[in-house]
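K.L.:
I'd like to ask some things about the structure below.
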């Protein structure tokens, strides 16, 4: 157990984070420059309907990212969120279409189901001692199987607009014309940011990510904190599923496919270290916003669609590269 | 501890990459049939159909038609596909069917080029090879069952949309897979036909949303934002057709922006009802499945096709084009709010 020897007091290794970390500031600058360029370059970017489309398009990713951030901060990962979203979506879609469930019940079922699946992930990760990517890769397939069984070889068509409050239409618009889904993401991110910054149990996630053995010696309930992170992710997946169903219509079998990669991209671009121990939900929100801006800008400018993938790839590599350089510098200090 | 953490991270990054490429595949066989349709050696003929993906109403309806034909003709119909429209996952399923030594292998390829060598391999093992719904033109396939010609669909879509747009204005296309040969051939016709017949109309952009309805909605909204004077949208496949209609509905532009698309009737019904979709262009998908199974039986028995074939009561005159080795189902249908209830898929 080399961890015992290397156990270093949390404070000295990692002073309490500054309000805004370096990468977040860089992201704000990049997004601001991008928005400025697009506003000047096109007369269609800076319009209500376009900005609404951008933030709505990434709202579900951002909401799940709020849960994924603490998971990655504990040096874990949850690749099952896409399949999990599919399970919640098909259950809730069938519930409101076939049973006529009202919105509050639908949301309750969505978050309860998400929470339950998240708890399962958390339990398996914390009890098994296997790397989270393996565990959640397993549950990714299991959840997808469950979703497909519930789909029963048919996509769900004619889903009513019960959850339109979360959707991208007129009924989903809130204060200042901003979609409720994005308000939800911002409010939840603010709460999580405060929790991770000021609450002791929130700080424990960082300690676990830096060195789980040291964290355990310091009296942190590593297992319980780990389960909490995965359970919260499940809860947020439940909410995101409501956003994805939104104003209804069609829920396809491939719902949520690849969602995990989009969420992880937002978190990583947002400056959360894939090695654990560093990162904030504010960064994740900005990461999602950057991805959304890029995706929309490509279409607005009439560029080829596949350039979106290129730019997102480059941003991930830059973000991870910056993180590794910073990690190395910190270690040699 | 430090090193192992880094190693873990490397494993993690590698696995995330692998994830992106993996698809989960679902298997289910549908078989039915009696003893009448036997091959040369007296065994029941096994015709296996591999759709682009399983579980969407389009291919499920094709399966329904295939099962019906199997019952009528007494052959064994196998239907097996992946749950994602992923060329790799599809190739794996085709390979497993080759191992099972089916008599006839029918594929609707996601990527015709990567499917071609696999089909050649099947042929080398003595399996008859066909394509249906989507062709693999540079392959060894013996016949292609075409649902409609590219001209029929491209013109059908263009006419339905431009009638509503008053033969003029700007429109855009939301397509799906960038490598889907049939979608691309329809788009080529739409471009050419629009330029010839509707000189005052213009296609301003073509974007690709994959088989993802939510992405189609988002991209359609981007297109409406990018072109304020846009009055038309085409959804080129069964996920983007409802997608563009939903975008118009959500943007509150019903009656200002018109949409048409290749949509399945039940999925399009709510949009046809409120006018966010003008029409869906499609063919009778169950009949396509029926024709596919019939054609499989014909080639397994070594029979050749006539210029006009009587396949069944609903398919009295199916044309065969020997120069392209292609069977043609017929003219596409225009599905509107008036006739949408005739279709239960």
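Including glycine, each Cβ sits where the backbone N, Cα and C put it.
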K.L.:
When TrEMBL marks a stretch as transmembrane segment, which of A:7-24, A:25-42 is it?
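P.N.:
Feature transmembrane segment in TrEMBL: residues A:25-42.
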K.L.:
Under TrEMBL, the annotation transmembrane segment belongs to which of these stretches: A:155-173, A:307-325?
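P.N.:
Checked against TrEMBL: transmembrane segment maps to A:307-325.
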K.L.:
For the transmembrane segment entry in TrEMBL, name the matching range from A:181-200, A:201-220.
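P.N.:
Of A:181-200, A:201-220, TrEMBL gives transmembrane segment for A:181-200.
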K.L.:
Residue list, the transmembrane segment (A:282-301) vs rest of chain: Cβ under 8 Å, 6 or more residues beyond ends.
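P.N.:
Sequence-distant neighbours of the transmembrane segment (A:282-301): 20-21, 23-24, 27-28, 30-31, 34-35, 38, 41-42, 44-45, 50, 53-55, 57-58, 61-62, 65-66, 68-69, 185-186, 189, 193, 262, 265-272, 307-308, 311-312, 315, 319.
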K.L.:
Per the 3+ Cβ pairs under 8 Å rule, pairs at least 6 apart in sequence, do the transmembrane segment (A:257-275) and the transmembrane segment (A:54-73) touch?
P.N.:
yes
K.L.:
Looking only at residues six or more beyond either end of the transmembrane segment (A:108-134), which have a C-beta under 8 A from one in the stretch?
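P.N.:
Same-chain contacts beyond the flanks: 67, 71, 76-80, 84, 87-88, 91-92, 95, 101, 143, 222-223, 226-239, 241-242.
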K.L.:
Taking a Cβ cut-off under 8 Å, which residues six or more beyond the ends of the transmembrane segment (A:229-251) line up next to it in the same chain?
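P.N.:
Those are 59-61, 63-64, 66-68, 70-71, 73-74, 76, 78, 81, 84-85, 88-90, 92-93, 96, 106-107, 110-119, 121-122, 125, 155-164, 166-169, 171-172, 181, 184, 188, 205, in sequence order.
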K.L.:
Would you kindly list the residues that approach the transmembrane segment (A:25-42) from elsewhere in its chain, counting only those six or more residues past its ends and only Cβ-Cβ distances under 8 Å?
P.N.:
269-271, 283, 286-287, 289-290, 293-294, 297, 300-301
